[in-house]
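Peer 1: The annotation substrate binding site is assigned in TrEMBL to 9, 10, 11, 174, 213. Summarising the annotation, TrEMBL assigns active site, electrophile to 96. The active site, proton acceptor annotation in TrEMBL covers 168.
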Ligand code: PEP
């Protein structure tokens, strides 16, 4: 059965009350909606364990929004991949544009994180994508190649198995301006072909999510594209009602 990967990126949002009410209500729907979808919830680090307790008996996985490049030691304020693994995290988002832009994370740093995550048998969700300016200048493919090349350079070939790539055009994140699903399909095809050229992986095993202003009114056309294997969702994952609508639409189409 085809699986569709839906990741909720809560960013710096949520609190104890919101988490209780979110999962209390989600439990009522889980058996109906979650069988074909792989649902991953990535709350802020401080709430990871709380979310883990809530999803324990549900078919939902825990994701982290970031990780440090060190496993332990004198690195005040950081969280390591070992710690994430220790508390039940399975997926780790890296390279999100908010970290690239606001925290000056480079392709090189992101490739170090990718390496560590793989070493510990966690699953990276590697975010890539172009700015509005890159798009206007026809640079989308060039930017994506550079973001992928860095991973190949650090890790060699055969690295994209058991990995999720999230194509997130930066101009579409949190703006209400989602990309055109047909354009996204072409970019996902490009990403898969590019990876296939360098990696021995089977094309069907390359998983690419789309992220950028997804909601229940625009999601259908994205899910219908053959090379969109899932979604990375910010704002719309904070409202359980909206998130469930998206999951249900995916469930009905897949
Ligand atoms: C994101 O943060 O990765 C994202 C896609 O956000 P939004 O859905 O709010 O555009």
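From the backbone N, Cα and C atoms, a Cβ is placed for every residue, glycine too.
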Peer 1: Taking the Cβ of residue 174 (substrate binding site) as centre, how many other Cβ atoms lie within 10 Å?
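Peer 2: Summing over all protein chains shown, residue 174 (substrate binding site) has 13 other Cβ atoms within 10 Å.
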Peer 1: Using DSSP and three states only, what is residue 9 (substrate binding site)?
Peer 2: strand
Peer 1: Which of the binding-site residues 9, 10, 213 have a Cβ less than 6 Å from any atom of ligand 1?
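Peer 2: Checked binding-site residues vs ligand 1; flagged 9, 213.
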Peer 1: Whole number in angstrom, please: the longest C-alpha to C-alpha distance across 9, 10, 11, 174, 213 for substrate.
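Peer 2: The substrate-binding residues span at most 14 Å between Cα atoms.
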Peer 1: Can you tell me how far the Cα of residue 11 (substrate binding site) sits from the Cα of the residue listed as 'active site, electrophile', in Å?
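Peer 2: The separation of the Cα atoms works out to 10 Å.
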Peer 1: Taking the Cβ of residue 168 (active site, proton acceptor) as the centre, count every other Cβ atom within 10 Å, in any protein chain shown.
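Peer 2: Residue 168 (active site, proton acceptor): 24 neighbouring Cβ atoms within 10 Å.
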Peer 1: Name the residue among the recorded positions 11, 96 whose Cβ has the smallest number of other Cβ atoms within 10 Å.
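Peer 2: Output over recorded positions 11, 96: least Cβ neighbours within 10 Å is 11.
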Peer 1: Around residue 10 (substrate binding site), which residues of its chain at least 6 apart sit with Cβ under 8 Å of its Cβ?
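Peer 2: Listed in sequence order, they are 41, 42, 43, 44, 65, 237, 238.
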Peer 1: Let me make sure I understand the structure: which of the binding-site residues listed (9, 213) has the fewest other Cβ atoms within 10 A of its Cβ?
Peer 2: 213
Peer 1: For the recorded substrate site, enumerate neighbouring residues of the same chain (Cβ within 8 Å of the Cβ centroid of 9, 10, 11, 174, 213, site residues themselves excluded), in sequence order.
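Peer 2: Surrounding the site, in chain order, are 13, 173, 233, 234, 235, 237, 238.
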